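Positions annotated as topological domain 'Cytoplasmic' by Swiss-Prot: 1-7. The transmembrane segment annotation in Swiss-Prot covers 8-27 and rests on sequence analysis. Residues or ranges marked as topological domain 'Lumenal' in Swiss-Prot: 28-321. Feature annotation from Swiss-Prot assigns N-linked glycosylation site to Asn109, Asn185; the stated evidence is sequence analysis. Residues or ranges marked as disulfide bond by Swiss-Prot: Cys110-Cys121, Cys139-Cys202, Cys306-Cys315. As annotated by Swiss-Prot, Mn(2+) binding site applies to Asp144, His256, with the evidence given as similarity to another entry. Sequence annotations record features per position, and here Swiss-Prot assigns active site to Asp232.
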Amino acid sequence: MQCRLPRGLAGALLTLLCMGLLCLRYHLNLSPQRVQETPELRQPNPGPPELQLHDVFIAVKTTRAFHRLRLELLLDTWVSRTREQTFVFTDSPDKGLQERLGSHLVVTNCSAEHSHPALSCKMAAEFDTFLASGLRWFCHVDDDNYVNPRALLQLLRAFPLAHDVYVGRPSLNRPIHASEPQPHNRTRLVQFWFATGGAGFCINRRLALKMAPWASGSRFMDTSALIRLPDDCTMGYIIECKLGGRLQPSPLFHSHLETLQLLRTAQLPEQVTLSYGVFEGKLNVIKLQGPFSPEEDPSRFRSLHCLLYPDTPWCPQLGAR
């Protein structure tokens with residue numbers, strides 16, 4: 001009896017020890033640290049935040065001759081709503097513009113001529129400034145365009161983040177052709193679509209970084225000279241012929257080369273860009289009633305701005321119309 005008691009006690013102690021070890025292992029497996037490491041219980045990684053207007057770089061191309069005639073109109077209207085996102089690229093210093101725009105006025109060393117090299121020089125400056133900004137989208141417009149920031153943001157948000165995007169309005173109903181120089185004095189005929197710069201276009205950063213070998217620094221002008229085409233065509237050439245990308249055509253961009261009167265008033269708030277000018281000898285503007293007369297507002301941009309932003313201080317109040 002005295003010999004069995006220690007054996008029974010030892011067995012009981014051994015059983016308790018095993019149970020204690022199992023319990024300890026169980027609690028270790030359920031510790032907060034282990035729960036966080038369990039794949040099934042991990043929180044999903046949040047994706048990039050939704051695109052905001054401050055993620056977009058808007059470049060306006062102009063020249064000294066249009067500083068007063070065109071730019072002041074833009075500064076009074078849509079640029080007043082996108083001042084932090086908008087950069088104006090010109091060929092000559094302007095004290096008045098400098099006071100209004102500060103560092104957002106970029107004076108290039110480009111010629112004031114309306115030639116392929118001069119236009120490509122300014123586009124190269126726009127592209128390089130965008131790359132240095134770190135922003136998510138590059139949008140180019142001319143100084144006769146009205147940009148609707150709400151419609152622009154709605155359009156850009158619709159594109160998948162993981163895709164290369166080149167969106168704008170082609171000016172032709174067919175691809176353009178170019179002769180691409182080859183070794184041994186040969187040439188190769190290539191064809192591609194491009195978005196006309198006169199209506200504006202946008203490129204996301206993912207695509208812009210891939211374009212850098214042909215578009216950054218002096219290489220954009222070199223590429224333009226190689227195919228003997230202007231800046232907007234060169235953009236399309238790089239994207240489609242060098243990178244295998246594709247233009248996403250959008251009817252929401254407009255230039256003065258189309259019949260703008262065909263747009264109904266109800267459609268205007270949906271358009272990303274609008275324009276004005278003389279086409280085939282006639283004034284080509286959107287059809288929009290008031291609040292300013294055609295004599296007061298020949299471009300109709302001020303009336304359009306009041307339609308989109310009736311709270312603008314210089315817009316006539318609703319009760320006074």
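Note that the numbers count up from 1, one per residue, in the order the chain is shown.
Using the three backbone atoms N, Cα and C, a Cβ is placed for every residue, glycine included.
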- request: Only counting partners 6 or more residues apart, tell me which same-chain residues put their Cβ under 8 Å from the Cβ of Cys139 (disulfide bond).
  value: Val56, Phe57, Ile58, Ala59, Val147, Leu152, Gly200, Phe201, Cys202, Ile203
Field: Local Cβ density at Cys121 (disulfide bond) - other Cβ atoms counted within 10 Å
entry: 22
Field: Rounded Cα separation (Å) that holds between Cys315 (disulfide bond) and Cys121 (disulfide bond)
entry: 38
- prompt: How long is the line from the C-alpha of Cys110 (disulfide bond) to the C-alpha of His256 (Mn(2+) binding site), rounded to the nearest angstrom?
  reply: 25
Message: Check the DSSP secondary structure of Cys306 (disulfide bond), expressed as helix, strand or coil.
response: helix
Message: On a C-alpha basis, identify the one among Cys121, Asp144, Asp232 that is nearest to Asn109 (N-linked glycosylation site); the candidates are the recorded positions.
response: Cys121
Query: So of all those recorded positions, Asp144, Asp232, His256, which one's Cα sits nearest to Cys121 (disulfide bond)?
result: Asp232
Message: Considering Cα atoms only, can you say which of Asp144, Asp232, His256 is the nearest neighbour of Asn185 (N-linked glycosylation site) among these recorded positions?
response: Asp232
